[in-house]
Structure formats: structure tokens, C-alpha cells
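Annotated features in Swiss-Prot:
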type	residues	note
BINDING	Ser118, Leu119, Leu120, Pro121	(6S)-5,6,7,8-tetrahydrofolate binding site
Amino acid sequence: MILNTLNSLKIVFAGTDKFSKDHLKILVTNTTHKILGVITKPDQPLGRGKQITSSLTKKLAKKLKIPVFQPTALNTSTFYNQIYNLNADIIIVVSYGKIIPQLILNIFPLGGINVHTSLLPRWRGPSPIQSALLNGDKLTGITIIKMNNNIDTGDIIYSSSCIINKSDTSVTLQNKLKILSCQGLIQVLKNFKSSYFPIRQSNLATYSNKINKEDAKLIWLKSAIQLERSIRAYNPWPICYFKINNQLSIKVWSANVIIHFNQHKYQIGEIILINKHGMQIKTSKNILNITTVQLPGKKIMHANNLCNSKNKWCIPGTKLTNT
């Protein structure tokens, strides 16, 4: 394979979601690099109607007339030959969702680079943004690494940090990190062969886990601070919720913590007050003031409106269970 000797690189891009799509768009519109192909996940059934839907990255690639590859397995000879025949210099991976085998990475003279939304080695794994919010981190950032055959362990090429605000959700924090990572990716690709000096990651790694819908269930035995962090971390997905009588599921979109010094007279899970400020619930430590909620099939509304929706349970003194 002949390496492209110009500043303009021949790239294979791998990604799936909106975060990935925005990076692909930046590479196409703000650089002279040529995208020879896009690897993305197979179309999947989404929504209540289970309609087969293409990834946002695929939709953009199709619009830009870039060849799209959607392998169900990445270790087949067919997929290998498809990528090999593109004769690309490098593969760039941004929120693809699958592990790229070393066999595929070896195709590219410049190897592969990955954009990760944390300051590695902190929060390796699939949910670094949510993990930073759940942990109450005050600082996070993005890291661009040289890919190897392990997950998020490659040498660091570039990193940039940003402050986490107390009001940040996963979506607002991701938007801030997207700006940093797009800028960083463009910078890294300039004179790629001679412009960076990789740094080996330290051994002080922490790990994030795959998120499931059940993770977003509000457990009143936790502290108000823990619950408020969860509400921000799981926005916009899977959205925190609690259940009434183990049936009615109420989504919680926003909340804040009230420091309360006379908590002993309330039970954990008890609704203390519902007013224009929200619905206040006793937790294991302090009060969680829920401000915006969503009933099944309804629009997001202020928690005070629950009193106007004929919900007999929605009165002070009601004890919400953890089941």
C-alpha cells in the first residue's frame, strides 16, 4: 500500500451517533482530507413502531455520497478486503460502538486514532460522560489516542480539558466536548506523521460501564446529591424515573438538592411538599426537589402540575416505594 505523501490524508471513518456524525461533517467541510469510506453499525429497529432506522452517520455519508460499510462482524475476509481495497492512510474512530480488530488496524500505514470523551486514563469504556457526572467530577475533557488492540489504552496524542458545571447534563457536556474534540482532531491531522509525540497512559485508570434503562431508576435510599447527579447524567437517555404502585412510570428531567436540617420527622421516599418550586421528596440524606417530570405519553411539565392531573397519590405524606 502506498502512503499518501501530501498533507491531505485518505481516511476511513468509523462512527454511529450524532457526536460521530458531527465529526465526520467537520472533516468533510473544514479540511482537505478525503473520506474514502464510512464504517457504521447496521440499521436497527427504533421507537415504538420498531421502524428500521439508519445511523445518523450513515445518513450524512449517503448525503455526501461516501461509500458506507455496515458489517455485522468485523473479522470476516469480506470486510477485510473491502477496507483494504480502499487504500486509505488512516482510520479515525469516533463513537462507533464496536471494537476494531487489530487485523483491520494493521491495514492502515498510519494505524488508527480514536476520539474519547474523557481525560484518559480516567473513565475508559462506553460511558465516560455519564460516569464523570455521576461521580461529581469537576473537570473532564477529550483525549485522542493511537489505537491498539485494547479498549481506550493507546498512547495519548492530544488532550484538552473543560470544566463541568453544576447544571451540566450528558447532552450539554457532550456538546462542549464536541467543540474541543473537533478542534483537536483537525489539529492532530495537520502534518500527522511529524506533529505529535505520543504519551503512554498512566496506570491510574478508572472504568465506565455500559448503561441500561434500569440504571436510571430513582432509589430513595440514595442521597439527594446522588439522585440529582443521576438525573443529569441520564439526560437525554435513558432518563431517570420512579414508579407509582409499581405501575405508573414517571420520568424526571430535572431536579435540585435542598439541604434540610429537620429530616428526622420524614420517612425516606415521603413526599414532603408540592408547590411552585417542585415536588420535594425525602431521601437518605437531604431533600430532592424534582422540578420537571413527564407522564407516559405526555409532554414534559413542571412537577407542580402533577397536582392538577387527578393523581391521588400526589399529595404530601405519600410514601414512594423503591419497588
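Each Cβ is built from the backbone N, Cα and C atoms, and glycine gets one as well.
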Leu120 ((6S)-5,6,7,8-tetrahydrofolate binding site), number of other Cβ atoms within 10 Å: 24
Taking 10 A as the limit, how many CB atoms besides its own sit near the CB of Leu119 ((6S)-5,6,7,8-tetrahydrofolate binding site)? 20
Given the recorded (6S)-5,6,7,8-tetrahydrofolate site (Ser118, Leu119, Leu120, Pro121), which additional residues of the same chain have their Cβ within 8 Å of the Cβ centre, ordered by sequence? His116, Arg122, Trp123, Arg124, Pro128, Gly141, Thr143, Asp152, Ser159, Gln201, Ala205
Who sits close to Pro121 ((6S)-5,6,7,8-tetrahydrofolate binding site): which same-chain residues at least 6 apart have their Cβ under 8 Å from its Cβ? Asp152, Thr153, Gln201, Ser202, Asn203, Leu204, Ala205, Thr206
